[in-house]
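Colleague: According to Swiss-Prot, the record shows the following:
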{"type": "DOMAIN", "residues": "44-262", "note": "domain 'Radical SAM core'"}
{"type": "BINDING", "residues": "59, 63, 66", "note": "[4Fe-4S] cluster binding site"}
{"type": "BINDING", "residues": "103, 134, 194, 266", "note": "[2Fe-2S] cluster binding site"}
């Protein structure tokens, strides 16, 4: 394959073509993915995000993989929406350890009218800290989507999870079409899309191909494509599911990189179960984004210091954003926190 063909951006992938990618010899697939990756990205830079659960547990959805679903007894404590100030403090800490994007996740089917003002203030406050912002709040109306865009939200995460054909085996409380509609609203509002899926739920290779086809054949590719490895949690229906073969996981990352050459492909949930060699292969396959910090919503994530040690051994550096001088930026953080503390738009989680 010529270099120009290898980096072509397409939106017309067929199942037969994607199957052929998955069926390549492993070394050939990784070579192709790395070639595509180098055409668009510095191969030794990885974008670093931090994810905070701003509202945990008691979700009305029945996603079989999720410990936050109210349908399953996983021992997870239910928590109400975090106070805006506490979210901003967590964002400032994320900034201090090197994150460039702060992602906020709420266990909702959709945000309520009473919660939206607090969510919008979180976006505005995190933006003032100099971080990119991302949220995952469930299904959105067109009006809610526009309000988030007006507040300055950069990314909205709404995963497709799996192929349309396998989807009904995992979720029954939200349709695939509703997920696609939310993504369309996000794009229409001018925000960037973060959307991917989960491996290890009992899906076939064709289902993995089908997920990537749905994402790559959108009118515009998602700017961020998180590929999660199922974190099996006791109490969920998928707790005893068979482990994903590490090479199959790496293959999926590589195919995602080839199909969506300009997207950040995120090595997302499941890193706690991956050894350093598997993570290194993931970066070779074209993954160039990770979540950074102690927890990924409600499951363990490798500690930040451990991540930086691995980066140093591999010669990888965090992707940077254009920043102010340190003292100017620190002053901006402190001022934003003071302004938010004095704001009347403050969610008292204890009294709700």
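Residue 1 is the first one shown; counting continues down the chain.
From the backbone N, Cα and C atoms, a Cβ is placed for every residue, glycine too.
The model shown is predicted, which means the values in this text are computed figures rather than measured ones.
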Colleague: Among all the protein chains here, how many other CB atoms are within 10 A of the CB of residue 194 ([2Fe-2S] cluster binding site)?
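Modeller: Residue 194 ([2Fe-2S] cluster binding site) is surrounded by 29 other Cβ atoms within 10 Å.
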Colleague: Among all chains shown, work out which of the binding-site residues 59, 63, 103, 134 has the most CB atoms within 10 A of its CB.
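Modeller: Selected residue: 103.
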Colleague: Could you measure between residue 59 ([4Fe-4S] cluster binding site) and residue 194 ([2Fe-2S] cluster binding site) for me? Cα positions, answer in whole angstrom.
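Modeller: It is 21 Å, counting Cα to Cα.
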Colleague: Run through the Cβ atoms and count how many others sit within 10 Å of the one on residue 266 ([2Fe-2S] cluster binding site).
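Modeller: Cβ-Cβ neighbours of residue 266 ([2Fe-2S] cluster binding site) within 10 Å number 24.
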Colleague: At the level of the C-alpha atoms, what whole-angstrom distance separates residue 266 ([2Fe-2S] cluster binding site) and residue 66 ([4Fe-4S] cluster binding site)?
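Modeller: The Cα atom of residue 266 ([2Fe-2S] cluster binding site) is 19 Å away from the Cα atom of residue 66 ([4Fe-4S] cluster binding site).
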Colleague: Would you count the other CB atoms within 10 A of the CB of residue 66 ([4Fe-4S] cluster binding site), including those on all shown protein chains?
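Modeller: Total other Cβ atoms inside 10 Å, all chains included: 26.
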